[in-house]
Amino acid sequence: MSSQKRVRVRFAPSPTGGLHLGGVRTALFNYLFARQHQGEFILRIEDTDQTRFVPGAEEYINECLAWCGIVPDESPSKEGAYGPYRQSERKPSYRQYAEQLVEKGFAYYAFDTAEELDEQRKIQPNFRYSHENRMNLRNSLSLPAEVTQQLLAEGHSHTIRIKMPQDETVSFEDMIRGRVSFETGLVDDKVLLKADGMPTYHLAVVVDDKAMEISHIFRGEEWLPSAPVHILLWEYLGWADEMPQWAHLPLILKPDGNGKLSKRDGDRLGFPVYAMNWTDPKTGDLTKGFRELGFLPEAFVNMLGVLGWNDGTEQELFSLAELIEKFSVSRVSKAGAKFDFEKAKWFNHEWIKRTDDVTLLPKIKENIEQHGVDTSTQSETYMLNVLGAVKERLTYVEDFWTQASFFFVTPEQYDVEAVKPKWNEQKTAFFQEIINDFELQSDWTAAVLEPLFKEKITSSGLKMGELMMPYRIMLVGGKFGPDVFQITELLGKEEVIRRIGKALPLFS
């Protein structure tokens, strides 16, 4: 392939369900490479297998990419000069190439029925259609030419299969793995064109990549065994000089490193593996996604970007712009990358801290309203100040209510059991006096209130530890929350005095 070729890459998912985080990472790496080289990033929908097509899946893919900020330059909804961008709409173009391969002797017609092939599998559990047995099966290599022509003329159902060489070595230079070689005799004769006239992935991907002038292919390691078939198709169709460069990305592994991460693993271990919620239209089953769990798109993209790649430094937090600037194929790992959900949560926590409060506010309002509080009765300044007080404690935006509910509603329950045994009249008197002191206070700031409160403790002869925790419980209901004087300032004088008065009798 010419090194001067314009960079054009594609993400080509099948619309069969939710988008696994491995798929999103493939899209991301394609996107980073394209942007870095001022190239084009194409979304192509590979819907050749109509039996697995799921309504709504294509729209879901579009929404996932949009949420992540991975914007295609060309797609079914953003047509360019190389459309159509759904394989099902390109159906007429595939047969001519399959027939061309038959004419050249690189492929053949196979007339075996599904029942006949099932019978072969019963006889040979490891059955594969290949050079070892193709002459014993019903195809245009084993049948006389006139029989083949008659079967075709009569419209008999058939597929077209590639004729894999018996003893050749197919080698190519992988951008991640270096030199990779395959013995063709170990690869079966893949179906290229199905009986319904639709191409399989193997034929369609090569024809479409050629038609769309794709220059580089980033795809998962699971496609590596298919590489010899695809490389031979590029050669057999006479396009060897235009063959893209290949990069097979490392698998995303289970947390223990034993095998590829699957949806089942996520269900079992209690974390999502899809970018967004996916509801199966047939069963109605909901599979939760990172977005709905409370991940920021910046955190999700950052987490995926460093899953199997690093820039050679200690840096872990990258914006999308930084990933575009620093991404390099040479730093992509050959080995699989273990998925660590605790680390994923850490990324989200860090990105919440990094994100401007005003940007987070719409999500915060949504979270508050989910708990029955009308945010139109709250000032934006107040909500932003509360967010500033609890932000460091949030793993997800949805944690806001857990950390900050007491800023919006008065506690209904108070954790007084640990405090009551040591309670006495002197402590009750202290808080009654504090109410009086607070009522006289005009400067309602933590900087003024904290020394006032602590000086009062000292002059009363009581200890700090005896009163600070009860005071916190009076305000928030329990032993949690940010700095108690920050809480005091934000709640305001009237509310603090009211809460002390309400809770104080419960301690006696």
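Even glycines carry a Cβ here, placed using N, Cα and C.
Annotations in TrEMBL come from automatic prediction, not curation.
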Check each of the ranges 13-23, 277-287, 420-430 against TrEMBL and return the one annotated as motif ''HIGH' region'.
13-23
TrEMBL annotation of motif ''KMSKS' region' - which of the ranges 75-79, 255-259, 260-264, 375-379 it falls on:
260-264
How do the residues of the motif ''HIGH' region' (13-23) split into helix, strand and coil according to DSSP?
3 helix, 1 strand, 7 coil
Helix, strand and coil counts within the domain 'Aminoacyl-tRNA synthetase class I anticodon-binding' (376-504) (DSSP):
94 helix, 0 strand, 35 coil
Do you know the DSSP helix, strand and coil residue counts for the motif ''KMSKS' region' (260-264)?
2 helix, 1 strand, 2 coil
